[in-house]
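According to Swiss-Prot, the protein has these features:
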TRANSMEM  8-28  transmembrane segment
TRANSMEM  35-55  transmembrane segment
TRANSMEM  105-125  transmembrane segment
TRANSMEM  151-171  transmembrane segment
TRANSMEM  185-205  transmembrane segment
TRANSMEM  208-228  transmembrane segment
TRANSMEM  264-284  transmembrane segment
TRANSMEM  305-325  transmembrane segment
TRANSMEM  357-377  transmembrane segment
TRANSMEM  430-450  transmembrane segment
TRANSMEM  465-485  transmembrane segment
TRANSMEM  496-516  transmembrane segment
Amino acid sequence: MIKRVLTALAATLLPLGAHAADAITGAVQRQPTNWQAIVMFLIFVALTLYITYWASKRVRSRSDYYTAGGNITGFQNGLAIAGDFMSAASFLGISALVYTSGYDGLIYSLGFLVGWPIILFLIAERLRNLGRYTFADVASYRLKQGPIRTLSACGSLVVVALYLIAQMVGAGKLIQLLFGLNYHVAVVLVGVLMVLYVLFGGMLATTWVQIIKAVLLLCGASFMAFMVMKHVGFSFNNLFTEAMAVHPKGAAIMSPGGLVKDPISALSLGLGLMFGTAGLPHILMRFFTVSDAKEARKSVFYATGFMGYFYILTFIIGFGAIMLVGANPAFKDAAGQLIGGNNMAAVHLADAVGGNLFLGFISAVAFATILAVVAGLTLAGASAVSHDLYANVFRKGATERQELKVSKITVLILGVVAILLGILFENQNIAFMVGLAFSIAASCNFPIILLSMYWSKLTTRGAMVGGWLGLLTAVILMILGPTIWVQILGHEKALFPYEYPALFSIAIAFIGIWVFSATDNSPEGMREREQFRAQFIRSQTGIGIERGQAH
């Protein structure tokens, strides 16, 4: 009984993970050049470059660059967060998962949402009241600035680097798939555009790129879902009946549990994605773009609504693809497989319901999706270097101008590194990188953010030991696990049997923080505990926070 409950829980928690990561790592067959898609995409690029130009005229200070001056509303920020979080892997990956496995796809898509109530109830308000530009501002509020900011920046940069590699390789593969462009050209194109957005437009341009992309993605997905439902007379019963009639698995597509093999791995990945969401630097950074805690709370509310709606749409799109794409020989190759692989299910459905023009629109939106995500990641990485490391550790008292200069140099370096890594990892299995990024965010960033805000006995010693332990455990266990040790390094048997380390590394991080804080009797530790009350009052009331300035 317990095993069944565990498996069910794991199935609910285990979102996209390796399966949907296939959307960005699966077999790719280059498609013929799609001119409609290229024209639509060029229109999107022209619009976003104009926004970057407009934003660059308004970026006058450090606050403008990192947080858009704190002038973004809760609704706008909610849309931007949704735009930052709904990746191409979730659009193409989940619909492909539903196309192949049916009901299981819904379980996976809902898993992505599980982390958001944690952010809403535990983190959003206090984070906004205590921080200015990065989550390290919050973690180091009453702890020692140097060591804590160094740890937070390292955690952020590792997460950003891993996530960025996955997105860049995904971008290259996807563009090769959708547009028929060369992989290297695609990676360079994404890298250059990402640098332009962030270098000149800062957070303001990044926010609007994410908002536009979210609106386009939601509109495109809504139209596809509407056309699918129209085809079946707006009856879910007809949708499922027709899908079961044409799917090779028949009625089995309506039963759950086919994708979860090992409850521990599933639970571990589920926890990693759930708590990792609350430790992703580019997501946490978005809470400083609003004026106060109330707007921060609204942001999460709207973001969760948009994402929940989007994942329901992907479910309808997946079943629509079974019915309209799976049963249509025009979308199959000579071997009876879907042209371009299963990850093209949603793209073929766009062709089936809206013709070539709509196919071009959806292809362009899929590319825009990646651009929005990498822009947010780059800005988070740059702020970790310039604000946390340069201005608060290496060169205390640096002027705003010097800090911004370092930030912009970092953006350029990150752009070059992202392009090189994207080309280097072209043929590698990058599915594990998203899982590892979330595991590190959950094992290093999340425990420190949570306990610094809620646990009065936390000290610098505990945070440092626990944070580094969590980060190193996540990386070491991932290397010793089946993905890297067996598949990439070629050993016969993995030293660590589970694919994802989060269950173990999160536990080690929390235990490490608790043990080393509880046993810290130094005068410094005592002083840090005494300062909790002042921090608590500020986190509840927001007295003294920087509010948005009118431009």
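Glycine is treated like the rest: Cβ placed from N, Cα and C.
From a predicted model like this one, the values you see are computed outputs, not experimental measurements.
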Other than its close neighbours in sequence, what residues sit by the transmembrane segment (208-228), given a CB gap under 8 Å and a spacing of at least six beyond its ends?
44, 47-48, 51-52, 55, 76, 79-84, 86, 91, 197, 239, 306, 309-310, 313-314, 316-317, 319-320, 323-324, 346, 349-350, 353-354, 358, 361-362, 365, 368-369, 371-372, 375-376
Do any residues, 6 or more residues outside the transmembrane segment (465-485), come within under 8 Å Cβ-to-Cβ of it, and if so which ones?
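Beyond its ends, the transmembrane segment (465-485) has Cβ neighbours at 151, 154-155, 158, 429, 431-432, 435-436, 439-440, 442-444, 447-448, 491, 494-502, 504-506, 508-514, 516-517.
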Who are the chain neighbours of the transmembrane segment (185-205) in space, where the CB to CB distance is under 8 Å and they lie at least 6 residues beyond its ends?
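Same-chain residues near the transmembrane segment (185-205) but 6 or more away: 45, 48-49, 51-53, 55-56, 58-59, 64-69, 168-169, 171-172, 174-176, 179, 285, 289, 370-371, 374-375, 378-379, 382, 408, 411-412, 414-416, 418-419, 422-423.
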For the transmembrane segment (430-450) against the transmembrane segment (357-377), do we get 3 or more Cβ-Cβ pairs below 8 Å once near-sequence pairs (under 6 apart) are dropped?
no
Which listed range (35-55, 151-171, 264-284, 357-377) shows the maximal number of Cβ pairs under 8 Å with respect to the transmembrane segment (496-516)?
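Highest pair count goes to 264-284.
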Mind checking which residues of the chain, 6+ beyond the ends of the transmembrane segment (151-171), have their Cβ under 8 Å from one of its Cβ atoms?
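Cβ under 8 Å, 6 or more out: 21, 23-25, 87-89, 134-136, 139-140, 186-187, 190-191, 279-282, 367, 370, 373-374, 377-378, 380-381, 384-385, 388-389, 414, 417-419, 421-422, 425-426, 428, 430, 433-434, 436-437, 440-441, 444-445, 448, 463-464, 467-468, 471, 475.
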